[in-house]
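Going by Swiss-Prot, these are the annotated features:
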BINDING   319, 347, 376, 377, 378, 480, 481, 561, 584, 585  UDP-alpha-D-xylose binding site
COMPBIAS  131-147  compositional bias 'Basic and acidic residues'
COMPBIAS  149-158  compositional bias 'Polar residues'
COMPBIAS  163-190  compositional bias 'Basic and acidic residues'
COMPBIAS  235-245  compositional bias 'Basic and acidic residues'
DISULFID  243-271  disulfide bond
DISULFID  287-528  disulfide bond
DISULFID  547-560  disulfide bond
DISULFID  549-558  disulfide bond
DISULFID  661-913  disulfide bond
DISULFID  906-919  disulfide bond
REGION    42-245  region 'Disordered'
REGION    926-945  region 'Disordered'
TRANSMEM  18-38  transmembrane segment
């Protein structure tokens, strides 16, 4: 009985000791967690699960302490913490994170030739965290095995714990609170996973996910990352949906669809599917064979040289879009024969190309243009509808006795002659040629998204949920380029059996339906024994470059696209291991030389002295398009280019005492072409109207303007030799590694991208600094360049509008200047295609609010980089921002004249200027001869080429 109090005392002591031990353990855990999280970036690089089985997710963002010469005393501590990148508070943590592979850690020795000043302690080059970007995928950022990555925008992804810098600076209670808040946000769908980055990674100062939750704005997120919540958003319908829309994919689609009609269609489709009224559950198989039939065809290069007694006739269906009319005409010229038939569908958004194709159809009786047009978006159900309607049209043309259906695009080109193709198909006239995926069907279905429901509207493919593959059939698929015989086309078009009817319904709600519909129908039809697993084509797949998810703005999925062929690929066309007759893709604005090589290989060289063989012209604006098709930026600059040409005419052609070569501009530009020579962009060709002051008559002229070289290696050159080129622009094409905005035409509301091209060498980190026209440092960030990186690109999230004028982007290594490039942000003379008003000009041309391109100031870097901000320069910029009319045009033209040169000018018709050359007699004008693309009379052998 006496032991009880002792036992109670021991229990109390044990309880107290246990609480103390738990407290100590908790504190130790928090301390260890704090320090270990500081190096999470390196830990993630050393291992961890990769996203989708590919490369690892992006390392935790980190900053490297850079060796920067110290600022003068006047600059130290100024600029609102600009020199310290946020006013301090990051020093030990940022240094502890260190660098990536090959990236120096801690303090670096000062390099010889560095900027002349003392070392500035604690400065870290900065990439801000206020805006989240998904378009900064640098070179090699896509997993090597892209097929192991989930293609969906919506499927959950796993990622290693990232370092959260704001937590490392808070006490434990605040850390727990922040963690709890982050978890709640992730549960609500605010979290967003970014694809992993490899070489060329931009090194930011803070976690991107943290930036998304604390600073991100809805407009800066990708559409699929916007908050959707747990229930349907407030959506207006003409008629309320017949069910509760609860699926996250459908809710996301409803929140992003722009038109009321599209939202209505999404709701109706989702409900029909939810009620089991949309998709077939079971389909009848009519193929008498078990398994997959695959006929082998013999390939003998010599046997196809002899024309058969009853040669097949081919219906070529050309599905084209864009503005590359000359490339299309060159391809048409190569495939044309009087015995075949050509049915051309032009995307309903490509009116210029449609006008050009109509002119071609008037020249040849065996060429017709579809009287209907669809918007054939990438991956859309409309492409299958286009093929099926084209097949019906062709079968109803009783005067066209064709035997084979072949689909082509303007990016295709033949790699063997028409005679070879006809001889081969005549030998196998009962076969159908389609390329299968070559994988197990379950994997193909998953990667192709066949088990997902899609709907096309508003020129977008919306993912609405999951679905089941119908029972009873084998699903197949592969390439959407094929050769089908007439008998099978008749079956697909006119059959009302269970297979065809239900497959048309199933594939009406399928992503990339043309890549699977014909395969699946053929394999399960009575014609299954006619399938040849070869579509007779070579496609230039480079998944490292082509699988950049570049179509996510069009489809709720991640797809791939083939690359353009280059001259080094020519040997692939000469293989004879299997029958191939066409190749894709070719694009003359990327490389025309390979098209010429192939054309000469098939049909021989043009006669010596033939003009235009190395030139390429592509229209980007035509007067019938209307100026509403132009942006304010392009309209502004096209006008300035025209005035630049008139000044050239006055200075180089005008003689004193007469006005015969002096002009006054009239109206808007009539047309604009891109001009390339030997696969190098040479500038713009502006066709415009002007009044000749000597005779007061209107003349039509064409001006050639060329951009000046703006990339410059530092002088004296640094020891760092990896950088080969740098450029700034918009519309970066990561697949072809070029800017699609040729010439880099930028305005105040554009978001420029900085690109660098690298040679091989050791791993390095470089610093990139963006400077505006009055020497305000707008952005600075580091980029890790691994030894194998070839290109890097990054879009700094600058606050808009950008200040008009000439900007400079400087590249430094160890704070030693390596190179710089410049780009022009043009002030706008038009707003909504009307002359800009004073209040609009002041709003657009005065730079961002408080001169703050980012959350933090970099003012203290100006003296370090020898970039003084001149009060007179700032005052002049302020006056320029308020200018309109002729004063604004004068400011614009002075800027344009500093970045562009008027190379030449010519007259398209009669002119009063006696020394003005005629455009058709020049080598550069869009009116000059172009025999490789010109279509003439049919030759005796039935061909055009």
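Every residue number used here counts from 1 along the chain in the order it is shown.
Glycine too: its Cβ is placed from the backbone N, Cα and C atoms.
Cα distances from residue 378 (UDP-alpha-D-xylose binding site) to the disulfide-bonded residues 243, 528, 558, 661 are smallest for 558. Other Cβ atoms within 10 Å of the Cβ of residue 243 (disulfide bond), summed over all protein chains shown, number 14. Cα to Cα, residue 243 (disulfide bond) and residue 376 (UDP-alpha-D-xylose binding site) are separated by 31 Å.
Under a cutoff of 8 A between CB atoms, and with a sequence separation of 6+ in the same chain, the neighbours of residue 481 (UDP-alpha-D-xylose binding site) are 407, 408, 412, 435, 535, 537, 539, 582, 584. Among the disulfide-bonded residues listed here, namely 271, 661, 913, 919, 271 has its C-alpha nearest to that of residue 528 (disulfide bond). Summarising the environment of residue 661 (disulfide bond), the number of other Cβ atoms within 10 Å of its Cβ, over all protein chains shown, is 23.
Note on proximity: of the disulfide-bonded residues 271, 287, 547, 906, 919, the one nearest residue 558 (disulfide bond) is 547, by Cα distance. Whole-number maximum of the Cα to Cα distances across the UDP-alpha-D-xylose-binding residues 319, 347, 376, 377, 378, 480, 481, 561, 584, 585: 19 angstrom. Looking at residue 906 (disulfide bond) and residue 913 (disulfide bond), their Cα atoms lie 10 Å from each other. Here the candidates are the disulfide-bonded residues 549, 560, 913. The one whose C-alpha lies nearest to that of residue 287 (disulfide bond) is 560.
Of all the disulfide-bonded residues listed here (271, 661, 913, 919), 271 has the Cα closest to the Cα of residue 376 (UDP-alpha-D-xylose binding site). With residue 661 (disulfide bond) as the anchor, the candidate recorded positions are 319, 547, 549, 560, 919, and the one with the nearest CA is 919. If you take the Cα of residue 560 (disulfide bond) and the Cα of residue 549 (disulfide bond), they are about 7 angstrom apart, rounded to a whole number.
For residue 549 (disulfide bond) paired with residue 319 (UDP-alpha-D-xylose binding site), the C-alpha to C-alpha distance reads 23 Å.
Cα separation, residue 919 (disulfide bond) to residue 913 (disulfide bond), rounded: 13 Å. Counting other Cβ atoms within 10 Å of each Cβ, the lowest count among the disulfide-bonded residues 271, 528, 906, 913, 919 belongs to 271.
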